[in-house]
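Over in TrEMBL, the protein carries these features:
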- B:62-86: transmembrane segment (TRANSMEM)
- B:147-169: transmembrane segment (TRANSMEM)
- B:189-209: transmembrane segment (TRANSMEM)
- B:221-237: transmembrane segment (TRANSMEM)
- B:249-273: transmembrane segment (TRANSMEM)
- B:326-346: transmembrane segment (TRANSMEM)
- B:358-379: transmembrane segment (TRANSMEM)
- B:435-455: transmembrane segment (TRANSMEM)
- B:462-481: transmembrane segment (TRANSMEM)
- B:509-534: transmembrane segment (TRANSMEM)
- B:594-658: domain 'CBS' (DOMAIN)
- B:691-749: domain 'CBS' (DOMAIN)
2 protein chains.
Amino acid sequence: MNGAGNLMDFLDEPFPDVATYEDFHTIDWLREKSRDTDRHRKITSKSKESLWELIKSLLDAWSGWVVMLLIGLLSGSLAGVIDLAVDWMTDLKEGVCLSAFWYSHEQCCWTSNQTTFADRDKCPEWKKWAELMTGSAEGAGAYVLNYFLYTLWALFFSFLAVSLVRVFAPYACGSGIPEIKTILSGFIIRGYLGKWTLLIKTVTLVLAVSSGLSLGKEGPLVHVACCCGNLFCSLFSKYSKNEGKRREVLSAAAAAGVSVAFGAPIGGVLFSLEEVSYYFPLKTLWRSFFAALVAAFTLRSINPFGNSRLVLFYVEYHTPWYMAELLPFILLGVFGGLWGALFIRANIAWCRRRKTTLLGKYPVIEVLVVTGLTALLAYPNPYTRRSTSQLISELFNDCGALESSQLCDYINSNNTTRPVDDIPDRPAGPGVYAALWQLTLALAFKILITIFTFGMKIPSGLFIPSMAVGAIAGRIVGIAVEQMAYHHHDWIIFRSWCRPGADCVTPGLYAMVGAAACLGGVTRMTVSLVVIMFELTGGLEYIVPLMAAAVTSKWVADAFGKEGIYESHIQLNGYPYLDVRDEFTHRTLAADVMRPRRSDPPLAVLTQDSTTVEDVEALIKDTDYNGFPVVVSRESERLIGFVQRRDLTLAIKSARQKQDGVVSSSVVYFTEDAPLLPASNPQPLKLRRILNLSPFTVTDHTPMETVVDIFRKLGLRQCLVTRSGRLLGIITKKDVLRHMAQMMNQDPESIMFN
Amino acid sequence: MNGAGNLMDFLDEPFPDVATYEDFHTIDWLREKSRDTDRHRKITSKSKESLWELIKSLLDAWSGWVVMLLIGLLSGSLAGVIDLAVDWMTDLKEGVCLSAFWYSHEQCCWTSNQTTFADRDKCPEWKKWAELMTGSAEGAGAYVLNYFLYTLWALFFSFLAVSLVRVFAPYACGSGIPEIKTILSGFIIRGYLGKWTLLIKTVTLVLAVSSGLSLGKEGPLVHVACCCGNLFCSLFSKYSKNEGKRREVLSAAAAAGVSVAFGAPIGGVLFSLEEVSYYFPLKTLWRSFFAALVAAFTLRSINPFGNSRLVLFYVEYHTPWYMAELLPFILLGVFGGLWGALFIRANIAWCRRRKTTLLGKYPVIEVLVVTGLTALLAYPNPYTRRSTSQLISELFNDCGALESSQLCDYINSNNTTRPVDDIPDRPAGPGVYAALWQLTLALAFKILITIFTFGMKIPSGLFIPSMAVGAIAGRIVGIAVEQMAYHHHDWIIFRSWCRPGADCVTPGLYAMVGAAACLGGVTRMTVSLVVIMFELTGGLEYIVPLMAAAVTSKWVADAFGKEGIYESHIQLNGYPYLDVRDEFTHRTLAADVMRPRRSDPPLAVLTQDSTTVEDVEALIKDTDYNGFPVVVSRESERLIGFVQRRDLTLAIKSARQKQDGVVSSSVVYFTEDAPLLPASNPQPLKLRRILNLSPFTVTDHTPMETVVDIFRKLGLRQCLVTRSGRLLGIITKKDVLRHMAQMMNQDPESIMFN
């Protein structure tokens, strides 16, 4: 009995240093939550004992805010560094700054004194490669040399990126958002948010974006921010030892990631809430907001865009929009929805092919081929040669007096073209017509190449390419409407709001609406999308156009398939993700889903007082279940509790080593008292301490929709099925997901993990 | 058997036209949800039968959006009408427009041709009462007469308001937000959102606000919008017959209400999400946003503020803020927190006194006394005489060249006072010093009178008075900092950012920060508060000051008590509201909370095949439980299901009327088959159809924190407690709430409803 008593003490804190979940397994939210409450209770009761304990309890209470602050600071700084490095390396493909090679084109010419504002991107210090190497800046030879070096740099960057990812951190590829969604829903992927991933993803993200591929840094920044969150979790045992609490921090980190990606803190919080997070208590909302703000302001103080603005694409429009313009906006929404549906189908088909064919075996070659193609096709067109975010920024801009863009080449009242004065009513000049053609080509190119780029083994975000597609389409439509209004002031649709001489149409706004529509079509974000766009413009005025386009785009895209790109990739990878948005409307019952099925062998159970250590060990060896129900006896099958496989293994192992008299024929007792046996007999092994006495049960008549709801809302790992108190079977999260897949006529075997 | 067969058919659709829940009872969310899924399944399967059914199913799918559109239109229109009426009636207290008596002061002088911009509020058509009645506009006599008439009008308006509320719709009083929170959490208060309440609340809200009492229209507008939501629910059986779906609509309506109250659609959605709603699926998020936008744009097209702006207080600041200013902002946060804590304590104490003493018996006299006092004290001070929202608007404003306010009476470079030219650096003129005194008096007055005003039997919102308190305090602090910076440019704290001649301090910003802090202290809103404020200014720049003040205010206020004003009022009224924010950290088990307690009589249960009709009727008569567990037999106590009292009563009643052979001694069968008896014996009554075969169960060892979590997340009404399949007891929502109150050392009897 003494030995058993010791074991009791030992089991009081059951195996604290062993990670509780295995890799690629699902966590039990309820259990995590109750463990945290226990911890909290312990600290609160201890805090009354001494001043030191009180201070410790206060530190514990504030640690959440400290983690948020650190996440904000680090992710803001990383975003700033990434922005600066991308700027520099993107320009490095074209030339170099002689006064200081680490300056980007823009910085180089800022510091030069010889430039006027109009020629602000031309200065003697900035040399194109051809000029530097051959001395001549013009001519076909120089063009070809620049073209060649541009492609070479691009190939070099992307080769470096894909090699680093392959060698050091395979998890650093892709946008990371599907995996983060899965992790936040309660799945374990060890190393996905580790230090190596953080480091390599940051470096390779810079390389990938600089290589000119059709990808963005916004999605990967969310991954980077989540890695920061995970890193700082390890500083506090409150977060590092509790998978549930850790996920609260990660949700906030995701918000900080979007906040620095777009300079939109509120949009970031809503993105985390709407798109990424699973369990989002109000406390997390508030902390996310704090992290997002700190991140945004850290970024602002680094000031990578050189304009003291928080936002990536700062725009200011001077004219309102008119009701009649809703028609083109809705058309842009339809376009965005169609693009979203097309993109998801094509990209998933291509990614499936990559997974199943030889293609997947040669990721480096794939990346090099795509980069080469991108560089070769992109260079001749000025709109694809520059970085995608510069392109979007130019497309969003309204034409002002100081704008030197080709898109602003309007004929002004003096019949000279540029600089445009502020006279609003204007026919397009030759530059605008040239730009229209180039933009159409750029649109076709972006649409095609993005399908093949997203999903390659390098960090790649989807926000920027999607927005670029929409912005190009939007600007084209915008210019078309503008010119129509100029030339046909007398048409009924224009007469009421667009008199001659009035500035009625802002093509930049169309670009923004188009960008929102395309992004919405691909990701199916709704409120957060509109809020991000709203933060970019800072004006409530344009919410209705954005909203109209976003709704239309979602409806159109939903008609072709309910899943957004992230959900599609989750499905493709077979992660056990229980989407809160899927409504389960079938008429099945728990009895139809539970295992064992009719033809299966009976459920593997333990009895409370008649199983021997040997039996238990055999059961553990023969099965791979995560846990076993414990019943009164095999005859009555009345459920008394549930025991985790892991706890059972460890308890038996340690009892065999440390407890006298526990041998293979010892009986395992889950009851409150074990019989007193003479010392000569094998001593009983008392395991009530590891028995979960409150396992979750439903009856066999419970409709599956209720079961799905319970799994979702309580974050269960498994649930036992009973009828009149008799144990009938068990339903795991995997069973639920497989059943849902089956009901939707999908392959249930696509759900691969526990 | 034939009779039993008929009964089966009859029970297939159990009592469709009877309201399922009684007044002041809690709904069962899981049941509502599964009823909706059933309905949805039925429509989907029918839709394949004919074109008409297909159209019906499409209409059903779109009805949600139609309801949102209607809510947006109606609540936007109502808000516009209320705004216009309040403007007119507020001015009516002072005078009348001769050219058209239905014009407010501002409208009257707009239409007048004789006014210049500087004298825009003086025009011959607008006559004060004294001028109209005696002919003289100046002098002590005229002042006293105006004073007297102002008070008289105020008394008349408030008397009308309180009488209308008392006679026609007692639920129209107060802000309505505590009750709406309770209703949304799944409680039934019939008539609270009815047509009469809508009508009377709209009318009396205008009267109450116009009477000059220290109350706002923002909270009641949420109630009005929810009434609109409830009204349109009755158009669609999908919403009118399902209490769960109805609450989705009401959540969206609450968002629309805040949207029109402040002109802040995003803030409205977040307010609904953070503060009001309980069950907020993503679908609702999206629809709320739609409703909020429609409402905002309906309001804008009515254009009650005459400035084409959506927002109540439109401001534009021209200078950024500086780090050193964070100190006064945080001090304002501390002030806001203290004010919040003080207000809640004092107001709750006063409301409790109203409930328990004679005071509550004479609401009309109370309202008249408070109105009289308010009018008498408010009239002499120009800052309290005008409407509170005009006051806030003036305090928020930055002083520009055209500003005629006394607050902008700075001495400009020519040593003349007003009009101020745009030279930024300025010492305060005598007007500003006079204003400071008046503002201090106004602050003291507002703080005191609001405590006694909120909770009276008239519609009364708290947002505007709280914001006014904060705005006054903020403006005072702002002017102080500004003058300090002007006179002491050389002080260390100013030297780095405020050189002579530079415009460094914007007192209007301080007013806004103060308003946010005070509103946050009272309501404990966080993210939604900052977003609402952000939408008012439209600039991300000022988020950090607002956020710093809001966080400080929340922390300071939380130190004095966790509950905001709405939760305090819910507690005061004893509503069964299970706050998602309260964390339950005690170590109790389900066994400690369940009934029957040890000393109680055993649980009232039915057996599956041995209870007679007579027994059941006796049980129904003797107890008032909402339902009864059904067990296999009294000996084994194994649970097979749960039957609702209401269903049982109706089933027995109809069986006695319609079914031959069912008499008092008939045995009630809940089993699948009943024995075949000779016709001479009393025929069995088969009631399996009304038996819920999947009642929610937990074991007696389940920690209460898990039980609380389950009740919250699944919205249960009751939960059965078992041990090894044996039924031990039952836990209802009321039991949970009482236990929580007990654990927090509160009176468990304060929870009054089921």
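Note: Cβ is positioned from N, Cα and C throughout, glycine not excepted.
Where the annotation comes from TrEMBL, it is an automatic prediction and has not been curated.
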- Query: So what's near the transmembrane segment (B:358-379) in sequence-distant terms, Cβ-Cβ under 8 Å and 6+ beyond its ends?
  - Reply: 147, 150-151, 154-155, 157-159, 161-163, 166, 211-214, 385, 445, 449, 452-453, 456-458
- Taking the transmembrane segment (B:326-346) as the reference, which of B:221-237, B:249-273, B:435-455, B:509-534 gives the largest number of Cβ pairs under 8 angstroms? B:509-534
- Message: Let's see if you can do this one: DSSP helix, strand and coil counts over the domain 'CBS' (B:594-658), in that order.
- Response: 24 helix, 17 strand, 24 coil
- Message: Six or more residues beyond either end and a Cβ under 8 Å away: which residues meet both conditions relative to the transmembrane segment (B:62-86)?
- Response: 104, 202, 205-206, 209-210, 217, 221, 224-225, 228-229, 231-233, 235-236, 238-239, 249, 252-253, 256-257, 260-261, 283, 287-288, 290-299, 302-305, 387
- Item | Top partner of the transmembrane segment (B:147-169) among B:189-209, B:221-237, B:249-273, B:462-481 - counted as Cβ pairs under 8 Å | B:189-209
- Task: Determine how many residues of the domain 'CBS' (B:691-749) DSSP places in helix, in strand and in coil.
- Result: 24 helix, 19 strand, 16 coil
- Query: So what's the average pLDDT for the domain 'CBS' (B:691-749)?
  - Reply: 88
